[in-house]
Each structure stands twice: as structure tokens, then as C-alpha cells.
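> Sharing a structure here in C-alpha cells format.
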Amino acid sequence: MGPLINRCKKILLPTTVPPATMRIWLLGGLLPFLLLLSGLQRPTEGSEVAIKIDFDFAPGSFDDQYQGCSKQVMEKLTQGDYFTKDIEAQKNYFRMWQKAHLAWLNQGKVLPQNMTTTHAVAILFYTLNSNVHSDFTRAMASVARTPQQYERSFHFKYLHYYLTSAIQLLRKDSIMENGTLCYEVHYRTKDVHFNAYTGATIRFGQFLSTSLLKEEAQEFGNQTLFTIFTCLGAPVQYFSLKKEVLIPPYELFKVINMSYHPRGDWLQLRSTGNLSTYNCQLLKASSKKCIPDPIAIASLSFLTSVIIFSKSRV
């Protein structure tokens, strides 16, 4: 399947995909939990759903995989001093980055192949700070939709690149060492309920920190539990000291099982490919050249956009 969007020619592909999109906001939520769903049934007039639906806006989740431009982006991040620009734009981030850096140095470990200290610190910076997680996810959902907006308003260029690169490098390292391609992990969200159906395709449009521990998915109580079979996520316990797998925002999943209960729901998801809207956005922001968008590996009936604000935890 070719790219869903060819920005150079401004043509939508394929033409059989209906332009239906919607944004859903859970009432009373605080922390953004971005999901992109395809195949989700639209609510009917009689359905009782505690959400607000807006059919006017696309989500714009920033999901760059840096396909074919990883080295160039790394060089530009350094040359443009984007680390300083990003850190100075966020309150207390420099202190938190220093703390994450010190935590890595104190572990005294050897870096995995092809990884740098910055990769390790980026993982700790993200996984150890809930404020960073919240701010980062919110920014990915709203302020990187065009190259110009990305350059001007997205102050997580450095973190996004190094988290994405770290996941990709760790996957290669894991495959070379033990041949492990996929992981069964668990994730739960508090005070959130989802309505999907078996066979629907779902995408978490954010970096999702999940647990390898099965007991994490056994505590019911007004929450949604996910059992996820990820094939693009990477284990980060070597850095965070927790049995975690970090799932990238561009991985697609199919809902293969589910159950609903008054005090807790459960969904079982299986990896089914990847989907990115953006590619090499940093280079596009500083160049007039047309850089190809990424190829989407997926079969979608239509793409429905959903943004959910909630409290979530592993």
C-alpha cells in the first residue's frame, strides 16, 4: 500500500478512503492519551457515551519515524543546538535532564551497540518524569502539524528523535541477540472506557510505556486494561530498571478480543504494522525540497481520529 498522503502533489491516496474524522475528548480528563482508531463505529443518537465529539478537526499526532533521514536529522539537531532550545522552552527541564543523566552514569553500564549516552538519558528523562510525559504527549497531539508549526512551537524535537531512534536501535540489538521480535505487555488507564469492536485497527499516537509483568493487568477498578502484543516496541529495562517496553506512536494494532464490565474493561491487541503521517519533519521545516512521506504498512477501511485526555499509568 502506498503513502496515505502525498504532500508534494497534494493528492489523497487511496481515493476510496472516506474523509471521515472525529476528535473525542473525555470530560474531566487531565493527561492526554492519544489514540487513532480506524473502523470505530460512530455513536448513534441513543448511545450513552460520556464524551464530546467534534467532527471538524484532524488530530495531527506527530509520528515521525525519520525514515531515510535519521543521520541527517541527528546532525541538524546538533548543529542547530536544538537541545538548548527545547530545554530552555520548558520549566525545570534542564534540572530533570541533569538528574536523568546522573542516574544513567551512576548505573555504570556499557551502552548497547550503536546507542549514545543521549539515547540512554532520553529514555530515563521520559520514563522517570510524569510531567515530561504529559507535556510531551500533549505537544505531539497539537503543535507539530506543519513544518512551520513544528519548527516554531514543538519544543520536543530533541526528545522525540532520540526516543524514536532508541526504540529502533534497541529492537535491532534485541533481534541480533536473541531473535525476539514481539512482546506481550500490559497497560491500563484510569477512569477511561473505550468502545471498539473485534477486528478494529487501533494506534496509540504517543510513546506508550507498558509493563512486561502480567499482574499489572489484573487490578480491576473503573479502568480499561490492555493486553498488547507489540512487534515494534522495545524493552527499556536495561535503562529504567523496570520491566518496561516502550511502544512507538506509529505502531498499528488490531483488536482481537475484548470484554466489558461495570468496574473495568479489557482489550487484547495484536500488532499489525505501522502508520506515519509525518517523515523527516525537521528537514522539511528548513528546506523547500519535497521529502517523501513514509509508506504506511496497513489495510484501513477508514481512518478515524480520536484524542482522549485521561489519567493513565502502567
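Here the Cβ of each residue, glycine as well, is placed from N, Cα and C on the backbone.
What you see is a predicted model, and the numbers here were worked out from it, not measured in a lab.
Pasting the relevant annotations from Swiss-Prot:
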- Tyr126, Gln206, Ser240: NAD(+) binding site (BINDING)
- Cys69-Cys280: disulfide bond (DISULFID)
- Cys182-Cys231: disulfide bond (DISULFID)
- 91-276: domain 'TR mART core' (DOMAIN)
- Asn114: N-linked glycosylation site (CARBOHYD)
- Asn178: N-linked glycosylation site (CARBOHYD)
- Asn222: N-linked glycosylation site (CARBOHYD)
- Asn257: N-linked glycosylation site (CARBOHYD)
- Asn274: N-linked glycosylation site (CARBOHYD)
- Ala285: GPI-anchor amidated alanine (LIPID)
- 1-46: signal peptide (SIGNAL)
> Helix, strand or coil for Cys231 (disulfide bond)? Use DSSP.
coil
> Work out the three-state DSSP category of Asn114 (N-linked glycosylation site).
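Asn114 (N-linked glycosylation site) sits in coil per DSSP, no helix or strand.
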> Within 10 Å of each Cβ, count the other Cβ atoms and name the one among the recorded positions Cys69, Cys280, Ala285 with the highest count.
Cys280
> Give the residue from the disulfide-bonded residues Cys182, Cys231 that has the most other Cβ atoms within 10 Å of its Cβ, counting over every protein chain displayed.
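Of Cys182, Cys231, the one with the most crowded Cβ is Cys231.
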> So the record assigns Tyr126, Gln206, Ser240 to NAD(+). If I measure every Cα pair among those residues, what is the longest distance in angstrom, as a whole number?
19
> I need the nearest neighbour of Cys69 (disulfide bond) among the recorded positions Cys182, Ser240, Asn257, Asn274, using C-alpha distances.
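Its closest listed neighbour, by Cα, is Asn274.
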> Please tell me which one of the recorded positions listed here (Tyr126, Asn178, Gln206, Cys231, Asn274) sits closest to Asn114 (N-linked glycosylation site), measuring Cα to Cα?
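Its closest listed neighbour, by Cα, is Asn178.
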> Going by Cα-Cα distance, which of the recorded positions (Asn178, Asn257, Cys280) sits nearest to Ser240 (NAD(+) binding site)?
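Smallest Cα separation from Ser240 (NAD(+) binding site) among Asn178, Asn257, Cys280: Asn178.
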> On a C-alpha basis, identify the one among Tyr126, Cys231, Asn257, Ala285 that is nearest to Asn274 (N-linked glycosylation site); the candidates are the recorded positions.
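Result for Asn274 (N-linked glycosylation site): the nearest of the recorded positions is Cys231.
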> Work out the three-state DSSP category of Cys280 (disulfide bond).
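In three-state terms, Cys280 (disulfide bond) counts as coil.
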> Rank the glycosylation sites Asn178, Asn257, Asn274 by the number of other Cβ atoms within 10 Å of each Cβ, and give the residue at the low end.
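Each of the glycosylation sites Asn178, Asn257, Asn274 was scored; lowest Cβ tally within 10 Å is Asn178.
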> Do me a favour and check the Cα-Cα span between Ala285 (GPI-anchor amidated alanine) and Cys182 (disulfide bond); whole Å is fine.
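On Cα coordinates alone, these residues lie 34 Å apart.
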> Give me the CA-CA distance between Tyr126 (NAD(+) binding site) and Cys231 (disulfide bond), in Å, as a whole number.
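One finds 21 Å between the Cα atoms of these residues.
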